[in-house]
Amino acid sequence: MPPTRTAGRSKKPPPDGFEDIEDTLLEFQNKMKDAENASHDGKKKHEMLWPIFQITHQRSKYIYDMYYEKEAISKTLYDWLLKNGYADPMLIAKWKKQGYEKLCCVRCIQTNETNFRSTCICRVPKKQLTEGQDIQCVNCGCRGCSSGD
Amino acid sequence: MADLPVRPPAGLPPLAPGWTEHKAPTGHSYYYNKETKKSTYIRPILEVPSIQSHHVASPPAPPAPFSANTNPGLFNPLATNNQFNPNFQQPNLQFGGPQQQPFQNGPQHQPRGGHRGGHRGGSNNFQDRRRQPEDRPKHRFDIPDCAPWVLVKTKLGRRFVWNKDNNESFWKFPPHVMKGVVEFDRREREKRERRARGEPSDEEDTAMAEVEADLAAAEKEMEKRIVEVDGEVGMMDDSEYEEVEVTDDEGEEGDKAPKRQRTEEPSEDQALEMGEDDIAWQLAQMEAMEEGDFTEDEEEEEGMPLTDEDCKALFKELLDDTRISPYSPWEKVLENDGLYDDERYKALPTMKARKDCFDEWARERIQYLQEQKAKQQKLDPKIPYLAFLHRHATPKLFWPEFRRKFRKEPEMKDTKLSDKDKEKLYRDLVKRLGLKQPELRSDLSNLLKAQPLAFLNGSTTLDTLPSSVLTDLRFISLPASTRDSLVETYLSTLPPAPEGAAASAQEEAEVARKRAERERRQRALAERERRVQEEKRKHERDLAYGKGRLHEEEMEIERAMKVGKGGLKG
């Protein structure tokens with residue numbers, strides 16, 4: 001049985017600076033809700049999760065930017081955000097590595113899940129694709145996230 | 001207006017010493033002075049016998065026998081042709097000298113509504129068929145005291161008079177109209193002078209001096225002639241009616257256009273004198289300049305450079321003005337519609353540059369905001385809560401009841417103040433509310449007296465009370481009406497604030513500097529925008545002119561190819 005939620009527990013305030021990014025996070029939250037509730041008529045089975053992946057990516061990127069690029073939020077707030085599931089720490093961990101700066105989702109570099117033990121098509125640089133080839137990966141609908149593009 | 005001087009008539013007076021006659025590739029002759037290195041289309045002649053010849057060669061009166069049907073919209077071309085020609089052939093012959101007058105043989109050749117009919121009149125003359133910008137009436141002025149007569153100015157700056165009543169129009173002003181026109185000109189000139197006052201016309205003077213030196217003699221003659229013929233020299237300055245090159249090829253000539261051109265662009269002037277055959281081009285140029293000379297001058301004066309930093313700063317200002325939160329993501333910024341309308345948006349050329357700029361701006365801005373926040377003392381979370389209690393707390397409600405009743409209020413939901421503190425404050429307050437009024441009053445005055453003068457002084461108002469007062473329960477124990485009057489009377493007895501507010505001068509200077517910098521950049525951007533517009537307009541004009549020229553040439557070829565029954569001779 002889950003612990004009962006008392007007023008005191010839920011009332012613990014987020015760290016300082018949360019109110020600055022709160023609006024943006026709320027927007028992301030609303031977008032996510034819309035994406036979750038959107039009908040998937042006529043969509044392929046694998047297409048259904050694309051918007052979810054995209055919004056997750058955007059939100060993670062936003063928090064990553066705020067902490068690492070713009071240094072707008074404190075370490076405590078960043079940790080709190082990660083802990084509370086506002087951003088995907090695994091994805092952010094990949095972004096810090098060279099060559100993975102634009103990675104769309106962690107699944108796309110998971111070689112164990114593919115038939116030929118290779119990464120997803122979206123990881124292939126545009127140069128190496130044939131001319132005018134338009135791709136969209138099955139996992140998250142990414143159109144190419146090679147860091148060289 | 002014929003665009004090119006035609007060959008001077010036979011039996012010309014001898015050339016002035018030092019001048020030699022040459023033939024231009026286009027067929028007409030020009031004159032070159034080896035000593036002064038000047039060349040001109042006008043035949044420079046010895047002064048003494050020149051009166052008569054110049055009299056003939058360059059009549060100064062502006063109206064040119066251009067074409068009667070230049071403006072089919074204004075009057076019936078046929079009718080005017082009919083009345084125009086017989087009446088005025090005689091005087092034109094008299095003044096225009098022996099050269100061919102386009103308009104004389106015009107009616108036979110020109111198509112009825114054709115704008116360029118007048119020029120095409122002498123279609124056997126190749127030179128006359130050169131590119132010629134279309135002329136058409138452009139402005140209409142009322143002539144003072146000449147009721148039915150109206151002065152019409154054409155696109156090329158030539159003028160004629162038109163009688164509204166009987167639909168007559170003349171290039172040559174009838175004498176009674178002439179007076180009105182002179183009067184009108186005088187007024188116009190005065191107006192122009194008044195407008196131009198303040199900017200010296202040195203440039204014009206020098207250019208004019210050059211021309212005048214070249215043609216001093218001719219001009220003198222002209223002045224004399226003006227006296228003789230029109231009796232108007234007293235009112236018109238000679239530059240206004242001066243005719244230099246163009247006069248001797250065509251009897252009567254519009255004066256303004258070539259003159260203005262010459263005064264404004266000396267290089268043009270040279271080209272014209274050198275016989276770089278395309279006067280039509282120059283006319284178009286001149287026309288363009290008439291439209292745009294003011295702005296161009298200004299542009300030369302202040303060509304403010306817009307550096308990269310300026311562009312960035314402009315974009316940052318735009319971001320500042322849109323009041324976007326620096327915490328918002330770039331995609332959110334792009335959703336803002338007002339962004340694209342602003343011309344500062346175009347200060348940066350690419351989207352990537354804009355994004356970089358935005359990142360930079362956001363970083364700076366966030367840093368600034370954080371500094372501000374650090375500087376500003378933290379607002380005590382107690383203050384709004386106590387204000388809320390002051391409004392709603394009552395001894396009738398216990399704390400759990402009060403909390404339940406107001407659980408939706410933001411002050412109650414605020415997590416900054418723990419529930420324990422809230423409860424304690426509420427209980428204390430309710431306890432105090434049971435006390436007697438005089439006691440509460442004395443408590444309040446004690447509280448106020450305890451405040452140091454730096455926080456609480458004569459300049460403090462009810463809205464700017466220090467937090468030490470606002471967070472005290474004694475302050476909210478009394479009802480608002482009695483409390484406020486008490487506090488106000490106490491504040492009025494206090495001396496003014498002690499010195500210590502002089503540190504703001506430096507900040508003010510900083511702000512002023514920033515504002516000046518910003519204004520400069522704004523101006524530079526406007527400048528650039530205007531220059532681009534100007535460039536665009538010029539380009540369009542050039543294009544249009546080029547097209548016209550092409551068309552003209554096509555027509556020429558077509559005309560040349562048209563061989564009648566009489567063969568080439570015909």
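The backbone N, Cα and C atoms fix where each Cβ goes, and this holds for glycine too.
TrEMBL lists region 'Disordered' at one of the ranges B:1-27, B:325-351, B:352-378, namely B:1-27. The DSSP breakdown of the compositional bias 'Basic and acidic residues' (B:510-550) into helical (H, G, I), extended (E, B) and coil residues amounts to 41 helix, 0 strand, 0 coil.
Residue counts for the domain 'WW' (B:13-46) under DSSP, helix first, then strand, then coil, are 0 helix, 15 strand, 19 coil.
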